[in-house]
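The transmembrane segment annotation in TrEMBL covers A:12-36, A:56-81, A:93-114, A:151-169. The domain 'V-ATPase proteolipid subunit C-like' annotation in TrEMBL covers A:17-79, A:100-162. According to TrEMBL, the feature site 'Reversibly protonated during proton transport' maps to A:66.
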C-alpha cells in the first residue's frame with residue numbers, strides 16, 4: 001500500500017516538472033510574434049495607407065506562430081487535469097521519466113514559433129510595400145509556415161505517445 | 001480522478017470475424033458523405049443555362065475550386081480540380097464538425113493517414129506517368145547515387161508529415177475543448193448551477209472560433225495546397 005502511494009507521488013512530481021518544461025516552448029512564439037509585431041509597426045510607418053491589411057496579415061501570421069505554444073499548453077493541461085500516467089503502479093521510474101520526457105519534447109516548439117513568426121514578419125513587411133499582392137503573399141506565407149510547423153507536430157506526437165500509448169512501459 | 005479518454009468511441013461492432021469495431025470517426029465520416037452527396041444532388045438538379053438560386057451557389061463553389069487548382073498547379077493540370085475540390089470540401093466539413101459537438105474524423109490518424117497515402121500514390125503515379133517511369137526512377141539517384149537512401153527517406157516523410165500536421169492540429173484543438181468543457185462543467189456544478197450550466201454556453205465560443213474555424217479551415221487549405229504543390233513538382 002505504502003509502496004503504491006509513493007509511486008503515485010513520484011509520478012505526480014515528475015508530471016509537475018514535465019508541465020514546467022513543456023511551457024518553455026513559449027519562448028518560440030514570443031520571439032516570433034514580437035518580430036512580426038515589429039515588422040508590422042515598420043510597415044505601417046512606411047505606408048500608412050495599407051495599415052488595415054498590414055494589421056490583418058500580422059494577426060493571421062502571429063496566430064499561426066502561436067500554434068506551438070498552444071500545443072505545449074495542450075500537453076501541459078493533459079498532464080495537469082487528465083493525467084493518463086497516474087494509474088500506473090509498476091515501473092514507476094519509467095512512467096515518471098515519460099512524464100518529464102513528454103514535457104521536454106515540447107521544447108521543440110521554440111523552433112517553429114520563431115520560424116513562423118519570422119515568416120509572419122516578412123509577410124507583413126511585403127504586404128505593407130505591395131498591398132496589391134496580398135493574396136499570393138498570404139498563401140505562400142501560410143504554406144511555408146505549415147511546413148515550418150512539422151517538427152513541432154512531431155514533438156507533439158511523441159509527447160502524446162509517451163502519455164497515452166507508451167511502448168516503454170510495455171517493455172518492462 | 002478518472003482520466004478523460006480522448007480516443008474515438010466505438011459506436012457498434014459488425015458481428016463478423018470476431019466483431020469489427022466501428023468507431024465514431026467512421027460514423028461521422030458517413031454523416032459527412034451523406035451531407036455532401038445530398039448537397040451535390042440538390043445543387044446540380046435541374047441545371048439551367050442561366051443559373052439561379054442553388055445553382056448559383058454550386059457554380060460559385062466549383063469556380064473557386066477550379067481557379068485555386070489552376071493557379072496553384074498551372075493551366076495544363078486543371079484536370080486535378082475535381083479531386084482537389086472534393087478533398088477540400090470533405091476536409092472543411094470534417095474539421096468544422098467540432099462546431100456541432102461531434103468528433104472531427106480528422107482527429108483520428110487513420111483518416112489523415114489514408115488521405116496522405118492517396119496523395120503519396122498520386123505524386124508518384126503522375127510523376128512517373130508524365131516523365132516516363134525510367135527517367136522518374138532515375139531522379140531518385142540524383143545528384144549522385146549515394147543519395148538514393150536519403151531521397152527515398154525524404155519521399156516517405158511526405159505522407160507522414162502531411163498526415164501528422166492535420167491530425168496534430170485537430171487533435172490538439174479537440175483536447176483543449178474537451179478539457180475546457182470538463183473544467184466549465186465542474187465550475188458551474190461547484191457554483192450550484194448544474195441545472196442551468198450557463199458557463200458552458202458562451203465561453204467555449206472563443207475556443208471554437210480559433211481551434212475549429214481558424215485552424216480547421218487553415219489546415220484543410222494547407223493539406224490541399226501541399227497535395228497540389230507536391231504533385232505538380234513531381235510532374236514538372
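Keep in mind that glycine also has a Cβ here, set from the backbone N, Cα and C atoms.
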Structural state census, the domain 'V-ATPase proteolipid subunit C-like' (A:100-162) (DSSP three-state): 61 helix, 0 strand, 2 coil
Confidence summary (mean pLDDT) of the domain 'V-ATPase proteolipid subunit C-like' (A:17-79): 90
Neighbour count (Cβ, 10 Å) for residue A:66 (site 'Reversibly protonated during proton transport'): 21
For residue A:66 (site 'Reversibly protonated during proton transport'): DSSP state (helix, strand, coil): coil
Counts of helix, strand and coil residues, the domain 'V-ATPase proteolipid subunit C-like' (A:17-79), according to DSSP: 61 helix, 0 strand, 2 coil
